[in-house]
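A quick write-up on the structure given underneath.
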Amino acid sequence: MMEILRGSPALSAFRINKLLARFQAARLLVHTIYAEYVHFADLNAPLNDDEHAQLERLLKYGPALASHAPQGKLLLVTPRPGTISPWSSKATDIAHNCGLQQVNRLERGVAYYIEAGTLTNEQWQQVTAELHDRMMETVFFALDDAEQLFAHHQPTPVTSVDLLGQGRQALIDANLRLGLALAEDEIDYLQDAFTRLGRNPNDIELYMFAQANSEHCRHKIFNADWVIDGEQQPKSLFKMIKNTFETTPDHVLSAYKDNAAVMEGSEVGRYFADHETGRYDFHQEPAHILMKVETHNHPTAISPWPGAATGSGGEIRDEGATGRGAKPKAGLVGFSVSNLRIPGFEQPWEEDFGKPERIVTALDIMTEGPLGGAAFNNEFGRPALNGYFRTYEEKVNSHNGEELRGYHKPIMLAGGIGNIRADHVQKGEINVGAKLVVLGGPAMNIGLGGGAASSMASGQSDADLDFASVQRDNPEMERRCQEVIDRCWQLGDANPILFIHDVGAGGLSNAMPELVSDGGRGGKFELRDILSDEPGMSPLEIWCNESQERYVLAVAADQLPLFDELCKRERAPYAVIGEATEELHLSLHDRHFDNQPIDLPLDVLLGKTPKMTRDVQTLKAKGDALAREGITIADAVKRVLHLPTVAEKTFLVTIGDRSVTGMVARDQMVGPWQVPVANCAVTTASLDSYYGEAMAIGERAPVALLDFAASARLAVGEALTNIAATQIGDIKRIKLSANWMAAAGHPGEDAGLYEAVKAVGEELCPALGLTIPVGKDSMSMKTRWQEGNEEREMTSPLSLVISAFARVEDVRHTITPQLSTEDNALLLIDLGKGNNALGATALAQVYRQLGDKPADVRDVAQLKGFYDAIQALVAQRKLLAYHDRSDGGLLVTLAEMAFAGHCGIDADIATLGDDRLAALFNEELGAVIQVRAADREAVEAVLAQHGLADCVHYVGQAVSGDRFVITANGQTVFSESRTTLRVWWAETTWQMQRLRDNPECADQEHQAKSNDADPGLNVKLSFDINEDVAAPFIATGARPKVAVLREQGVNSHVEMAAAFHRAGFDAIDVHMSDLLAGRTGLEGFHVLVACGGFSYGDVLGAGEGWAKSILFNDRVRDEFATFFHRPQTLALGVCNGCQMMSNLRELIPGSELWPRFVRNTSDRFEARFSLVEVTQSPSLLLQGMVGSQMPIAVSHGEGRVEVRDAAHLAALESKGLVALRYVDNFGKVTETYPANPNGSPNGITAVTTESGRVTIMMPHPERVFRTVSNSWHPENWGEDGPWMRIFRNARKQLG
């Protein structure tokens, strides 16, 4: 039976206004829109009155419910029947944890009530199209129609393909029907294999074969034999990549054989809790570094949010499934798309060439995709610290003559680093009889065909199959699985995981055969033991679906009870679905139908399928030199600063958490003005050291339209000039991931790919001492469609994205582009040696040209010398600022440095050649360094020692003020105010934020950027930052216990424990499941801290599901009430913990006036480094800090304080319960965005109780307790940041 329960309003006023404006633009007479959430409960038994009241209370979250009966035509948008939304999975979990076992499933829709003039059926279809994502949602016209969401179908049996009766044609038909993308020789191979077995294949076997042997999974092109211009080539592409490892194996521990590569890290204190006692402590051991970069291009073109989200999620799983289990740490993300054509902000180079119906626009991808990727990383608890963004779409005369080149099939890049224990780097052995386990969520009928689908050019497969390729994301589930993996590797030698792989393309049909085959075993499986939420799925759908957030593991049979215990504690679902066999055979039994859908020798599936040969021709580009007529430097500057590749990326940065883990030493945002221009990302290796890891990206795809090899060399060169900004040491410490994107089969591109791989793998990397131990290829970068009567194709340029990773010697020595105005000199190191080529530059692109000669690596020895010289200068602390030259050239390098330093530039380019345009806009490799004037001679001497004397040019100095002036020989070449340039550079991000977020907030942020008087972030402390007020109490040896409380989805508990640990506490890991099961109580604790993250993915209001699981459980409710009423206890709630505790007001004495915390005014997750002021309040944790003003990490989507009315706010203020407020850079309490990131009245962001014993706050002091983890800080701070005082105050209070 289904019950319907009304929910809160679903859209804010500005969202409704945006919809109305869109309808108006489409000439649809829509007058009013009201939207509210509607909940549907599928019940297995009726609820009594108390249970019904409990369910109603559970589903009461967010803004107050509307009291009126909605008017207008109903359009009900729900998830597509046959799918289960991530919201449903998490909300159902909460209902069960609150004791409502009668609820089979909760689901949520949005009911739109629309009052409109007379609309035709076709116009109503336009209206419904605007209101839902056809790939993931459906529209009903009555609330009762939602019954279809819970319809169950009978299981269907496996289907056989009549090969023996119909011969080869049966396989050809199945290939088309199932979208298998099998090549002719593979069809021959299967015909031969099954004829020899003497039986017909089942559909599931063919599907499994297609997934396991797709280009996506088998990399046939990279392993192929090559004939170019009639000449047999000596090596495959993959062999040339492996050559880098053969020449430079230094520091690599694992390459080419696992889900990620591993290199040597540093010996540090890894901080985690003991399995038996729950007590956190440091464990001195090597933290080796793993690295992986994936792409998720096809799903992102179809449905950008889930496409990018599952792209990030899959890459995170690759890291966790490395060796015998590892810890993902920090992420990077990247996008290449066609032109944005932002409405009202179209640029002169952006022509509309049309697109296929089945894919979305570049603007849609960049509106939704980055949000999906960021949301997954945020909810999982991984900071996203690095990225790139390129737009390209043009009709150009390239290798194949004049044609359309661009990214209708986008690149969505997801990568990152993690850490792994030394003894877990290599996978273990799978014993015969080992249990084969699926860890993670249930099978669902989604993402079918992803591996094969992404191996086809968009437009080759059936549109319905594209629907089937869409996936769905549940990062909170992945976090639970990762917590299990963490518990396993933390056990050291007792780790129950023998072998682990993630489940990705092809689902279990790819993952399980890979697992047993890699372990040298076969496997026998039971289909019906696989967890499934949809009983009507066929065997093919159960075995081959790509439901995300799953891992496959081999666990020794005697270790299963331990593994079961770990999973139950973390509430991570798992199922034992088979066991390893001696015989290399794969069998899958179906208990329901008592048959064998799969019964195959492993070598049929994974054996020597036919090897591909690529017989291709070389084509050379004949570009025309750049036509200069009508190009002025002033116009060029504005155009180039508007090009999204160059323009400010704030809209892509502040949506992503950049402080979680407490180990982020360098994020994108630089300096007191928080400008997104960092050269590279840097993390600390642990919470107790200055060793670290660095990541940087290099990418110059448009150059490939002129010169394939140069484009590849420049990608490596740019990654190197980016990562050089931190202290690494020997270049052999740097390892690269190479991600290759090409339109295989397009004239000239295959030979170009070979040329590019050879340039990097056989020549450049070996010469530099660089290794490429990991990478990926995507070989179908083309879209085809019909535009009117014309057949069109959009082919991406050959695109190599290089991600560089390295161990860092001292994270404190990372140099940023932030200029200083002390007596200084700016030096350009021009590795282009005066070539100043303008082919395929940003300048060429904004004038709709390609040019003829591009930049290149001009001298490999000098590139190596450059890296070594910069490393020497970093170690000697001779550099004040550093920024590489890249897209937009020297002009953009100097501008970005000036933006970061909020200063002027007085530059002279006389020594850079007579062609001023080329001097300013060429994109040859190089960098601008800022040094003290007194150090200039010594710095130039170091550069000369490294063979760079002929590359160094003095180009002026940074000056105070707002003028950006470039001269040559006394003549002004360009002059503008820095503020004007800053505003031009920011306009793309402003327009994107206006479209995507609350336009009022976007306008406020843009306005703030034009304020030259803004002093930037600054610090005023009312206490001595270096005084340790806890020291006398620590000296007694007593370590009071703090319960570090977490719920499923919480992700900030480790850094919280570390902060309390440093202040003299014993931090104990306490999971809500421990309290609910009675394994642990709160009576033995002096302090309770509820940590940040996304409990239950924030589905029933941030922190509200967590709070209700306490309030609706009598024993646990009493446990909390007793703790809060006990004198001499302290409690702290941060972020999600703050939201949760604000919902426990009925249990906490003196908290009656506390507000609720609701959706930010921007309607967006906000990750900022915000200035706050400590106000006079009873808070015991903030004693002695009153009046201090200092920055703090902020990361939340629902942090806005909501009070009932003005009287409530006045009472909260007059009682003095406000503990922290947001202030602007002038020190004034503010409600202006983004200084106030959530729109809270009077800047309120922390409150306390009347006794001061319980304090709750939205910002994260635990993420910045170390100076090094602050995005910016005064140079005189030592090891401890000012927020360490909170934790020491806690220790002092307990005496």
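Heads up, residue numbers simply count up from 1 along the chain you see.
Cβ atoms are placed via backbone N, Cα and C, with glycine included.
Swiss-Prot lists Cys1135 with the feature active site, nucleophile, giving sequence analysis as the kind of evidence. Sequence-distant neighbours of Cys1135 (active site, nucleophile) (same chain, 6+ residues apart, CB-CB distance under 8 A): Ser1052, Cys1091, Gly1092, Gly1093, Ser1195, His1196, Gly1199, Met1257, Met1258, Pro1259, His1260.
Of all the Cβ atoms in the protein chains shown, 25 others lie within 10 Å of the Cβ of His1260 (active site). Sequence annotations record features per position, and here Swiss-Prot assigns active site to His1260 (among others).
Summarising the annotation, Swiss-Prot assigns active site to Glu1262 (among others) and lists sequence analysis as the type of evidence. The secondary structure of Glu1262 (active site), as reduced to three states from DSSP, is helical.
Per Swiss-Prot, the feature ATP binding site maps to Gly307, Ala308, Ala309, Thr310, Gly311, Ser312, Gly313, Gly314, Glu315, Ile316, Arg317, Asp318, Ala678, Ser886. Under the three-state DSSP scheme, Gly307 (ATP binding site) falls in the helix class.
For the recorded site, Asp884 (Mg(2+) binding site), the DSSP three-state label reads strand. If you look up Swiss-Prot, you'll see Glu718, Asn722, Asp884 marked as Mg(2+) binding site, on the strength of sequence analysis.
Same-chain neighbours of the region 'Disordered' (305-327): 136, 254, 258-260, 262, 290, 292-296, 298-299, 333, 368-373, 375-377, 380, 382, 412, 414-421, 424-428, 447, 470-473, 475, 478, 481-482, 485-486, 488-489, 495, 497-504, 548-549, 551, counting only residues six or more beyond its ends whose CB sits under 8 Å from a CB of the stretch. Annotated region 'Disordered' per Swiss-Prot: 305-327, in sequence order.
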CB within-chain contacts under 8 A for Arg317 (ATP binding site), separation at least 6: Asn259, Glu478, Asp502, Val503, Gly504, Glu549, Tyr551
Cβ-based neighbourhood (8 Å from the centroid) of the Mg(2+) site, residues Glu718, Asn722, Asp884 excluded: Asn679, Ala696, Gly698, Gly717, Ala719, Leu720, Thr721, Ile723, Ala724, Ser886, Leu925, Ala927
Rounded to the nearest Å - Cα separation of Ala309 (ATP binding site) and Asn722 (Mg(2+) binding site): 26
Rounded Cα-Cα span from Glu315 (ATP binding site) to Glu1262 (active site), Å: 27
Which same-chain residues, if any, lie at least 6 apart from Gly307 (ATP binding site) yet have Cβ under 8 Å of it: His296, His298, Pro299, Thr300, Ala301, Gly369, Gly372, Met412, Val470, Gln471
Whole-number Å value for how far Asn722 (Mg(2+) binding site) lies from Glu315 (ATP binding site) (Cα to Cα): 23
Cα-nearest neighbour of Asn722 (Mg(2+) binding site) within the listed binding-site residues, Gly311, Gly313, Ala678: Ala678
Other CB atoms within 10 A, centred on Glu315 (ATP binding site): 31
Residue with minimal Cβ packing [other Cβ atoms within 10 Å] among the recorded positions Asp884, Glu1262: Asp884
Ala309 (ATP binding site), number of other Cβ atoms within 10 Å: 32
For Cys1135 (active site, nucleophile), the three-state class that DSSP assigns: coil
Ala678 (ATP binding site) versus Glu718 (Mg(2+) binding site) - Cα distance in angstrom: 14
Same-chain residues at least 6 apart in sequence whose Cβ lies under 8 Å from Ala678 (ATP binding site): Asn386, Arg666, Asp667, Gln668, Met669, Val670, Thr816, Pro817
